[in-house]
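Per TrEMBL, the features are as follows:
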| type | residues | note |
| --- | --- | --- |
| DOMAIN | 1-106 | domain 'C2' |
| DOMAIN | 183-303 | domain 'C2' |
| DOMAIN | 335-459 | domain 'C2' |
| DOMAIN | 510-635 | domain 'C2' |
| TRANSMEM | 765-793 | transmembrane segment |
| TRANSMEM | 877-906 | transmembrane segment |
Amino acid sequence: MATTYLVVEVISADIPSSSNTSQANYSVEPRFNGQSKSTTIKENVAVWNERFSFDMRQREDPSGKPILEAAVYSFDQVSNSKSLLGKVLLPENNFHRHSANVDLMQYTLDNTAGVDAKLLLKLFFTGAVDKILLEIEDRRNHQTEGNVLKGIHDYIFESKDGYGEDNNVDQHGPAALHPADAVPTVIKPDFEEPGRLFERVQLLFVRVIKARKLPDMDANGSLDPYVEVQFGAYNKGVTRCLRRNKNPEWNETFAFSFQSDKTPSPSVDVVVNDKDIVRDDFVGKLHFNVKDIPERSPDDIPLEPTWYPLLDQGRKKLAQAKLLLAIWIGSQADEAYSHVWVPGYSPKVYENPKLWCLRVTIVEAQCVTDDNDLLRCKVCLGKQNKRTKLVKKQMTISADSTSTWTWMESFVFVAAEPFYEGDLELYVMINAPRDDVVIGQLTVPLSSIVRRGEDDHSDTMPGQWFDLKSPATVQLDGITDNGNDNSSMRIYLQNILEGGYHIASGSEGYKDDTRPADRKLWNLPIGRVQLGILRATDLPRRMDGSSVNPYCIAKYGDKWVRTRTVIDGTGLHVFNERRTWSVYDIATVLTVGVFDHCPEKENIDGSTNTAHHEIGKVRIHLSCLEADRIYAHSYPLIIVNASGIKKTGKLQLAVQFSSESYIDMLRMYARPTLPKMHYMHPLEIVDHDWLRLAATNVLALRLGRAEPPLRSEVVKYMCNALVYSCWSMRKSKANFARLMEMFIPLLDGLRAVRSWRNPGVTLLAHAIFVLALYFHELLPAMVLLCVGFKGLWNYRFRPSQPPYVDYTVSLLDGVYPDDLDEEFDTFPTRANQKLVKMRYERLRDLAGRVQTVLGDLASLGEKIQSLVNWTDPRATAVFLLFTVVAATAVYLVPTKILVGTAGFYIMRHPRLRRKDNTPSIVMSFISRLSSRQDTVL
């Protein structure tokens, strides 16, 4: 998680002049979490306009609530003493979440000196990067125009007056999310057994074995019986129907989850029906009260089934019809649970197909029966298709004067193993005025293409001549081709199936596997990860007010897992399922998504809409998990889309990573992240995004053919393929914030030393500096020890839970709806003309600021370069004189003295610095140098 700071802006104080204090010197000392700050001493006026920041990590009492204390003092210059005028204590509910929504608040001081005074403050939380930017803003008025690096972030991302906003466009305020809504909470589930990541849940087991002597229901003297088990309105189980059988045998078991204090129904009904065309006929039923059903523990012997006579509608016994079944209350540890039929959409494990890289190189074509000089080729594999450029005919100097078209273009496609999906198709086309006309075609089965791994890879690819077949009927300039297959047209292709690559279907930062497609190249697993999907809570209702029917999808490694669909009108969505994967690389991510199984709806045009809407997903980085530790948390589900940021519920998960060999796991850190082929023969950068999208479509097609199928919108959401826009203002700010946050510890340390606010820290830095001067040969070891000590110091701040959505870095504290709508806009845009015009003008303004910053940086580099190229003769002469003097001083003066003088000068006390904050001599000298900015038109 990113560091959070409390920012306190001390504006002014209203101190009555009629007070008994004779001093007119005032200051304010804010204190928070054991950290103390102090404003400057103001004479005759209590106005400061100073800003302070407090680190939220340095908690004096982690169990207590943070309280800010602001005390106002008056100073006596004669006695050099201070007296307390009053103070104010402010709890956390007075702190705002974002600086854009904060108003100045006036607080009355607790009267300790008989003074009725008030203090004007501004309090808000901010991230570590915004803290640096606020300090840059504080120094902006003291900087000159020569400092081209000042406030780059604010200059680029701040809104300027007149940037082209359209008053006719409705622009709402920021869409905010409370920080507590994005933090996982620890849960303590009651697991069935130690190490088994699912809770103990009471289950009602009903085992339907067989029936005998059922009555005749049809005219032919028989019936088609099936059994329906009902336990409440949403728990229902149905056996298979056996045709024309009066003594059927089903031998099927059903299990229904419930809470002991809240059952779906006080009774269980077992109904035998006769399958009919129009309406099923009632045969008989059994009725059980839940309180009369026996409970069984896993250690008990199995419960023997019993013959029960069937009852009619009036609860009277039928003549001879009986049903053999067993009914009891148990748990998931029961041996019968492994082969039960669970109500709802049943769970399923899907095998993740291995994605091979198909490389096709089109070299040349010969003997094309057409007089057109321009030809191109089109290559298709399923829905993947690519085209070559147009080439002209070339004549070879030989006896037969063969015409040749040469392309020498290479394309890559994604092919899923097993290769039954489709064949490689190639079309040779001429460039017609309206549309390209096919004059030759070819089909190559994938099974006939040579496969190659990384060990047998060579720079030469196997090639082969293929005969092109003419289409059935093609009209070319009045000449009709009758589709004769004895055409002399042929084409030279180089086809190869590369198994040494890993084709990722997800985003670059959320890989769940890094193995190549060829199984011969796999290493042994380094461990196992267990996932327990417990339950989902606080899920929203649909637009029509009905309850959602949630199910979970877990994606990792070589398989996808789907839980059962929970159909429960009470809102209790309990999954309680456990899955296990083998781990081959710890730098991978386990993704769990929650979806709503929507019922089929008929549209106005008569088509049906069965889209499964996403509720949210959770990503767990395995590298952040400790071995053999169980992480049980309730993760908030957060959806970011064009309509805004919304919390859609919580998902309770339990995760455990276990290592089979600690040495193998450490050895894995020394291996490359991707297979060797990615480094020996890397793919083109332009192909990465295309291959990722193609892999997602291939996965959606394959998993959609399974039973039950995984819908394409589910697969694309899990693979993060639904992000349409390439531009996002929110992500641009977040990426800049991540870049800035890397330098915050160093900047904070240097600022703490130079400010002398803590003399002990500054004196310690002086001592370390002197030791480094006298024992410079130990400097590398001292640096390594300091880094190691910093790591040990941060051990107490180590995360106690897997990383999740970072509220500050993700900029969830204030995102404008128009920014989100632009981020998730489609291509082409679906926005109206006025909104597109406003966004275009805003983007032009932003690009103009970036252009200005790049120009300033270029000017700074050119000014430094002009010191030696005599663009400014006087400046160059002064610089050359300085270099001669500096070289003489470096030669005569010992290095230790030079370095020590520079270090002590940088760390000098603020009283020895300039009071007016004017630029230094060096910056003033550089700012007057010339650049080539004037030569740019």
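Think of each number as a place in line: the chain as shown, counted from 1.
Glycine is treated like the rest: Cβ placed from N, Cα and C.
All annotation found in TrEMBL is predicted automatically rather than curated by experts.
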Query raised in the report: How many helix, strand and coil residues does the domain 'C2' (510-635) contain under DSSP?
Result: 6 helix, 61 strand, 59 coil
Report summary line: DSSP puts the residues of the domain 'C2' (335-459) at 8 helix, 66 strand, 51 coil
**Report entry** Tertiary contacts of the transmembrane segment (877-906) (same chain, 6+ residues out, Cβ under 8 Å)
**Finding:** 754, 766, 769-770, 773-774, 776, 867-868, 925
Report summary line: DSSP tally for the domain 'C2' (183-303), helix/strand/coil in that order, comes to 3 helix, 54 strand, 64 coil
